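Chemist: Just passing along the structure, written as structure tokens.
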């Protein structure tokens, strides 16, 4: 089958002819319709320090997708040939304390599709049936293909009550922008997103941010005055992984504020712990999606009118995957979709 793989420990992704994955008793086989390129895939393409420590080479990569079930293992119940599905990219052990308590997103033994085992940049993907999520008929293939990153945004944004709250989002990447859309949709008052990328800040405005702030050109404190804010932000969503952005967020938070952190710093960072202690801030780390409550919330948000369409900015056939990676690496894109249909 046709697939995109990391073949060598160097920059790049390559189109290969790969064996079709074998189906286990508890697995489903998915014929991929559309894939999306994740920031993780860009890290793997660039072969940065994280990738070098994490990715076994060769490896078929990718974990954002939608497709159709074409084969079902003999022990699988609840799915049928022809079902349209996406899937949870973290495959959990099922026997650790968190798994047995229903907190599978905190599994200490999780492995990643397209990271530790063959992924979805391929004509066919095999995953445990447990990991599959059936897509409602009134949700498009394109939106279903980005459920994985959308789930990160939903998990982060819905960590705290947002109704009537002032929200600060650090980082206008695709996940940060989708989080802004979620916050506005569920009733936040002001949703302010910060970055230094003018293209993505403009896209964040289209996604519903009250104010998109280029922190290289204007002060966050001035924006707060402009919005009539006198006590700081109630909710912070850290999506950037940038130490300077997190420090600025701590300063801008109201006493008793709550912060959800999804962004991963590239190296250890220092902060003023006095900001946390004396303000009584609550900080929550976010990893992946809650299985499968986040997935149900994603569907419900879209079905209730949440518009994510502006986030998809580029579409290419899978044979043009290099153009897709070039767009993602340029920073001048939202989500990039790769189509697997016949030309």
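Here the Cβ of each residue, glycine as well, is placed from N, Cα and C on the backbone.
From Swiss-Prot, for reference:
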ACT_SITE  40  active site, charge relay system
ACT_SITE  43  active site, charge relay system
BINDING   38, 63, 64  Zn(2+) 1 binding site
BINDING   93, 96, 99, 107  Zn(2+) 2 binding site
BINDING   175, 195, 200, 262, 263, 264, 286, 287  NAD(+) binding site
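Tell me about the surroundings of these features in the structure.
Modeler: A 10 Å cutoff on Cβ-Cβ distances gives residue 40 (active site, charge relay system) a total of 22 other Cβ atoms nearby, all chains included.
The number of other CB atoms found within 10 A of the CB of residue 43 (active site, charge relay system), across every protein chain shown, is 15. Taken residue by residue with DSSP, residue 43 (active site, charge relay system) is part of a helix.
Spatially close to residue 63 (Zn(2+) 1 binding site) yet at least six residues away along the chain are 38, 40, 41, 89, 112, 113, 114, 115, 119, 120, 148, judged by Cβ distances under 8 angstroms.
Sequence-distant contacts of residue 96 (Zn(2+) 2 binding site), defined as residues of its own chain at least six apart whose C-beta falls under 8 angstroms from its C-beta, comprise 107, 108, 109. DSSP assigns residue 96 (Zn(2+) 2 binding site) to coil, not to a helix or a strand.
Taken residue by residue with DSSP, residue 262 (NAD(+) binding site) is part of neither helix nor strand, so it is coil.
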Chemist: List every residue in the same chain as residue 195 (NAD(+) binding site), at least 6 positions away in sequence, whose Cβ is under 8 Å from its Cβ.
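Modeler: Sequence-distant Cβ neighbours: 171, 172, 173, 176, 201, 204, 212, 213, 214, 215, 240.
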Chemist: For residue 286 (NAD(+) binding site), which residues of its chain lie six or more apart in sequence with Cβ-Cβ distance below 8 Å?
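Modeler: For residue 286 (NAD(+) binding site), the qualifying residues are 152, 155, 156, 159, 260, 261, 262.
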Chemist: What is the set of residues, excluding 38, 63, 64, whose C-beta falls within 8 angstroms of the centroid of the C-beta atoms at the Zn(2+) 1 site?
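Modeler: For the Zn(2+) 1 site, the extra neighbours are 35, 36, 37, 40, 41, 62, 65, 89, 114, 119, 120, 148, 149.
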Chemist: Please identify, from the binding-site residues 38, 107, 175, 262, 264, the residue with the sparsest Cβ neighbourhood, meaning fewest other Cβ atoms within 10 angstroms.
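Modeler: Among the binding-site residues 38, 107, 175, 262, 264, the lowest count of other Cβ atoms within 10 Å belongs to 264.
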